[in-house]
Amino acid sequence: MARMTSRGPVLGIAALYFLVPVAASLWFTIDSPDGIGFDVYSKGLGSEGLTTSLLRSVSIGLATVALGLLLMVPTTVAVALRLPKLRRIVEILCMMPLVVPPIALVAGVATVLSWQQDLATTPLYGTFQALIDRDFPLILVIVYTVMSLPFLYRSLDAGLRSVDLRTLVEAARSLGASRTQTLLQVVAPNLRQAVMGGAVLSLAMVLGEYSVASVLGFEPFAVWMVNVGDSEAQLSVAAAMLSLLLTWGLLLLLTALAGGRTRKTQSRRKTTS
Amino acid sequence: MTVPVQLKQLRREFGSTVALDGLDLDIAPGELVALLGPSGCGKTTALRIVAGFESADGGELLMDGEDITSVPAHRRDIGMVFQSYSLFPNMTAAENVAYGLRVRGVSSRERAARAGELLDLVGLPGRGGHYPHQLSGGQQQRVALARALAIRPRVLLLDEPLSALDAKVRLSLREEIRRIQLELGITTVFVTHDQEEALSMADRVAVMKDGRLEQCAAPSELYDRPATPFVAEFVGTMNRVPGVVGAGGVVELFGRRLPVQGEAVFGAGAEVDVLIRPEGFAVTAGGASVVRVATFMGATTRLHVSTPSGVEVKVDVPSWEADGLVPGVSCEVVPHEKPVLVAERTLSPA
């Protein structure tokens, strides 16, 4: 009972901390000289650039998650199974983006991208063009993948530590499973929650990232919001509210996917007990 | 008749540590052989080489006469039960049992039938739909055994499968494993550091030390006629009592001349330690020895007796004969006239 009473104020303060800015933003978007109305939302959805930038952000986010997982799942599994001595080194490398400011990272990337003029007569020029394609800038996917490494590594490492991976892999191998079958049927399903956790954090980071995209001159959703905010403050905040809903929706979807099996198991347990 | 498993001069090193130093072992069809030894003796390494999880630096591993030293683990048709609970957490008990058949492309109907049949065999009918976290440790190991057997393996490997379980479950499961092994007639290699487990379950026990095989024999032979002082002292309880080798291959102990077992390594007059089990002595009331401790152990009572030479020996006597033998009572210790093993002296007589 005492625990409940001490929890209440803490939860209340935390709720206020998160909800007051959201409520204030919402009020700002619906309050107009003519009274309360949702005109800015109906107008905003049709405004130029919103849908394009939003879709661009989502596609960059999903590509970042895919590339990050493709890179990190085999790496962390290989380190856990075969090269445990390299764990510290991999951990330090993956944590680097947390200590290197994004602005320093983007300065380096901008320097590399500036080489394209010197490479205009070589086949590499095409590669540079693909990297800086305005509709789908691959360079952002690459930079965001690097920036998401700490989230992916921490999540996957925690997942790998929660299962006796070596024994599971050896059990699968002794039963006749090939390496691919072991990875897909035994390792991956048992890392699902860790994978989803890392994916959720990475996606949230990409959807809200501004500085790298802005410095490199691309316009994903966060940059579009700031740009439009200079001329239409209400529309900018309304877009921020929409992006908040979208992010929550995506996070809920991923969390539901990750927890699907757990819930199924729990319900089955209730049935059998 | 081909030998299901043959280890020939297997050698394995980890850096400067020699885990296996020319291990030779033949396992007969349908036999359960226990690899027994202290930590670091190489028993688990040997099992992992048979499973294909470790590679040998030298020697050969033959299965049914075929050299499988370089065959990968998933092509060996070997079933294995691990020390830690190794069930796949994302699969039900039935899915776990059927997994080996699934990767072999067996139809789902056949898989389900085989999984049900094996869950019945290990005493878990109706538990096929349970996930590993819904099963107790003993039940999980039963499912692991069923999973290993589902693929009809050529050899079953058990890597200390009972060590994580509590005493009661361990006892019942070891009887269950032996029953199933005999019922299926499957050739089995069982690694354990628990000698009671090894002696009670195995057809033969292979005692290992420093990567080498000390002796491989039936439990009774291992106990009664140990080949080396290490085996004698590792298996069961053993007394070391100083003695002197006499002429004609005998050793004098507490006034009796006992024949020395095995080859005559020590010449007449050599000072040795005589290895003799607690049940190798008789105790009678009255004499120059004194009972120091008496521990009731059910059918027998173990006495710690101080002899006039200052050596303390452990003696097991039937409890019904131990009534008057309480601490402080004088007694006489006399060895039975049976061959004894002698070893280089490590004790100095008082």
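Including glycine, each Cβ sits where the backbone N, Cα and C put it.
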Q: Quick one: sort out which of A:169-191, A:238-260 is the transmembrane segment according to TrEMBL.
A: A:238-260
(Q) Under TrEMBL, the annotation transmembrane segment belongs to which of these stretches: A:118-135, A:136-153? (A) A:136-153
Q.
With a cut-off of 8 Å between Cβ atoms, can you find at least three pairs linking the transmembrane segment (A:93-116) to the transmembrane segment (A:194-218)? Only pairs 6 or more residues apart in sequence count.
A. yes
